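Trainee: After the structure tokens below, expect a handful of questions from me.
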Amino acid sequence: MEDAGGENVEEHLQEVDEQYKASLPKLMGEDQAHRDPSRWWFASAAFPMVAGTLGPVASAFSICALVRPWRQNYTKGADIKTATFIKDPAWLIAINAVQLAIALSSNLALLLNMTRRLRFSVAQPVTIVGWYLSSICLIALASTTAGPLRPENNDFIWSEAYFYGIYAAVLYFVVASLMVVTVWGSQQGHYAKDFMLTPSQRTLMLQTISFLIYLLIGALIFSNTEGWNYLDGVYWAAVTLFTVGFGDYYPTSTLGRALLFPYSLVGIISLGLVIGSIRTLMLERGKKRLDARMVEKLRHRVLRKMAKKGKDGILTPIRDTHSDSPGLSSSSGLTEFQRRQSEFELMRKIQKQATHRHRWIALAISTSTWLVLWLVGAKVFQECERQYQQLTYFDTFYMAYVSLTTIGYGDITPISNAGKSFWVFWALLALPTMTVLISNAGDTIVKGIKDATDKVATVTILPSERGFKSEFKATFNALSHGKLFTEDIEESPPGIHGASQRHRYSSEENNDEGELAQDQADADAESANTGLIKQKQAKNARNEESHKRRVEGNAAEEDSGDRPDRAVRFDDSSTTSGKKGGNGRSKKMGNTDDEENPCDQNSNSTPQLPEMTRAVSIPRQDLPQSPMDPAEYHLRLIEEIGLVMQHLKSHPPRKYTFQEWAWYLRLIGEDESDAAKHRKPHAHLRSSKDELEGKERAKWSWVGSRSPLMSSQEEAEWILERLIETLTDELRGVKAARRKNEMKN
């Protein structure tokens, strides 16, 4: 680090300081992307996704409306299967074909836009206008058929094609209206003129189109093989691929039965892919955005409630601990670091409550939707079958239930044209809803039952590694809200991390060399492959331990309140003392047996960190110091970047403690003990935008709108991005200092 050493260090750090201060609003979330998408996610992503799914369904119904005439001769009491078709006028067929061509063009434009082959400004007018025209044409044709084209005698019925035309008109109008909202939102500047869709969301439209084409082609093949009406073949294909299997239509020929094997297998898999994609997008993508919106609303509600009751003093930064702080008495004994920790814990409670509430709201919405489809669908089936079957509401209620659950006894089935066509339309909506309902129930009711069963098992016949006694005490501690067995419970992380921690804390004389030797001995006892896995796990555990020591040491150092300069980025008081780099700085922490403690780079200024179990038990003189040398600081950033990259693989996503956040923020130049960059959050929604304006634009609160916990990114992603940006800025500063040094020489 000769380039940044000596007399150039101060210039180097001053340049980095200026660069960092200029980028600070961006680092701390100047953009409102973590809030606006939660409000406009439906318009920017959900609406196009729904349109891309239902648009092809409407086109499939348009095809069904074109292939057969819309009227049939029928005598009351006769078998509906013997009803003959009444030929449609040529102009009706022509208009029907034109609207289908327009609708297919609209679907193609939307697909090309989603795959980024056609511009948003071109594709959306084509899609919206085309779908509206198709809807208007179908509505006009249906009205004409029911009016001027109505036969003089009443011995006729409308065919399945007529009802498919009505369903297509409704769907075209709905999806076109959704896209109007999407375009309006982009015109208002709420999001870019592009779909905020992931690759999986874009492929959902392709999956839907593929499944519908497969269903229609299968219906054509089997209707010709078995001698069915084509639209009856569509009904049979839907009943088969949805695994309901009523049994009112089934193949009787040898060829039809032979073709059923590959057709049903491929079709059921294709349907599973479509439903799985819908479930994933609704429960993962939608859940993340809606969670963010719910956290935001709950946060404002909590802030307003605290301000109304006068309990928001804990949110006011403590500028001077020796004088009274507005809203918070100095007699409370809190330091700014402790106040920030309380603020952080409040935000965690808000997140937990919002997540819990969202799960139950999602369950209530999916349950209500499912019940509406069940109850309303049963009534529609009753009306459709009134002329042909004397079914009570309970009969159709029962039929709808066995259809929703795919039981499909087949004792009651729709036989009318309206009933069979409506069943296909209804099943396309009801079965995915059933899947989402089951998933939401798994996150709430089933999860609660599972957790309760596991807890009962751990205190009875299947105790965990902690032992029966510890689990018993932990259970009663939880049931008593922490009033019982408060001192007898010692939490330990699970898995290899916990094992490594228990091994480390069992003796104060244990060190990194002994731990590595033990890990190596365990690895040698296994096969070569297993040994490599154990070594990797042991390495990860040691890295986590080193990270934990740094975090705990930083927390104790912050909490002590007597460190002169807490922002590591701009502390150049000791840079010249370590400019040579030391003999241990080139080694990765926890990677070799004979390495030095990373905090022991300069024995004169930084004492070695002792083994510890609690941060508060460390003497003040033994606390780890911030890396003052640029080389050591860069090495520390690289080590933490590697560790956070491992955290990205965690499932569910890792949530960091306050001590960990304080450590990472300190690495990027933020200090949780310095109130100069902290502020009291606004308690009103309309004041949120003002937080980014004026002199206090760089100040933030853990429960404010610019809190890292309010970001749309996962916590590990947020930290990793800032660490990389910080390291990039540092290396750019080194490069600039080198150039200046070369120019001087």
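Backbone N, Cα and C atoms are what each Cβ position is placed from, and that goes for glycine too.
Owing to the predicted nature of the structure, the values given are computational and were not obtained by experimental measurement.
Take a look at what TrEMBL says about it:
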| type | residues | note |
| --- | --- | --- |
| TRANSMEM | 40-68 | transmembrane segment |
| TRANSMEM | 89-109 | transmembrane segment |
| TRANSMEM | 129-149 | transmembrane segment |
| TRANSMEM | 161-184 | transmembrane segment |
| TRANSMEM | 204-222 | transmembrane segment |
| DOMAIN | 211-282 | domain 'Potassium channel' |
| TRANSMEM | 234-251 | transmembrane segment |
| TRANSMEM | 263-283 | transmembrane segment |
| TRANSMEM | 360-381 | transmembrane segment |
| DOMAIN | 370-446 | domain 'Potassium channel' |
| TRANSMEM | 393-410 | transmembrane segment |
| TRANSMEM | 422-442 | transmembrane segment |
| REGION | 488-610 | region 'Disordered' |
| COMPBIAS | 509-525 | compositional bias 'Acidic residues' |
| COMPBIAS | 561-572 | compositional bias 'Basic and acidic residues' |
| COMPBIAS | 599-608 | compositional bias 'Polar residues' |
Trainee: Contact between the transmembrane segment (263-283) and the transmembrane segment (393-410) is defined here as three or more C-beta pairs under 8 Å separated by at least 6 residues; is that satisfied?
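Mentor: With fewer than 3 qualifying Cβ pairs, these stretches do not touch.
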Trainee: So what's the mean pLDDT when you look at the domain 'Potassium channel' (211-282)?
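Mentor: Mean pLDDT, the domain 'Potassium channel' (211-282): 92.
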Trainee: Quickly jot the same-chain residues contacting the transmembrane segment (234-251) by Cβ under 8 Å, restricted to those at least six beyond its ends, or write none.
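Mentor: For the transmembrane segment (234-251), the nonlocal Cβ contacts are 64, 160, 215-216, 218-219, 222, 225-226, 228, 257, 259-260, 263-264, 267-268, 270-271, 402-403, 406-410, 413, 415, 420-421, 423-424, 427-428, 431.
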Trainee: By a Cβ-Cβ criterion of under 8 Å, what residues six or more beyond either terminus of the transmembrane segment (422-442) are in contact with it?
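Mentor: Sequence-distant neighbours of the transmembrane segment (422-442): 57, 61, 163, 167, 234-235, 238-239, 242, 244, 275, 278-279, 282-283, 359, 362-363, 366-367, 369-370, 373-374, 377, 380-381, 384, 403-406, 414.
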Trainee: Using a Cβ cut-off of under 8 Å, list the residues of the same chain at least 6 residues beyond the transmembrane segment (129-149) that approach it.
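Mentor: For the transmembrane segment (129-149), the list is 55, 58, 62, 65, 70-71, 89, 92, 95-96, 98-100, 102-103, 105-106, 109, 158, 162, 165-166, 168-170, 172-173, 175-176, 179.
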Trainee: Looking only at residues six or more beyond either end of the transmembrane segment (89-109), which have a C-beta under 8 A from one in the stretch?
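Mentor: Distant contacts of the transmembrane segment (89-109): 55-56, 58-59, 62-63, 65-66, 70, 118, 122-123, 126-131, 133-134, 137-138, 140-141, 144-145, 149, 165, 168, 172, 209.
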Trainee: What else in the chain is close to the transmembrane segment (40-68), if you only count residues 6 or more beyond its ends and a Cβ gap under 8 Å?
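Mentor: Sequence-remote neighbours of the transmembrane segment (40-68) are 85, 93, 96-97, 99-100, 103-104, 106-107, 110-111, 114, 127, 131, 134, 138, 159-162, 164-165, 167-168, 171-172, 174-175, 178-179, 181-182, 184-186, 190-191, 195-197, 201-202, 204-205, 208-209, 212, 215-216, 229-231, 234, 278, 281, 285-286, 289-290, 293, 421, 425, 428.
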Trainee: Using DSSP, how many residues in the domain 'Potassium channel' (211-282) fall into helix, strand and coil?
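Mentor: Computed counts for the domain 'Potassium channel' (211-282) are 57 helix, 0 strand, 15 coil.
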Trainee: Based on DSSP, tally up the residues of the domain 'Potassium channel' (370-446) by helix, strand and coil.
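Mentor: DSSP composition of the domain 'Potassium channel' (370-446): 56 helix, 0 strand, 21 coil.
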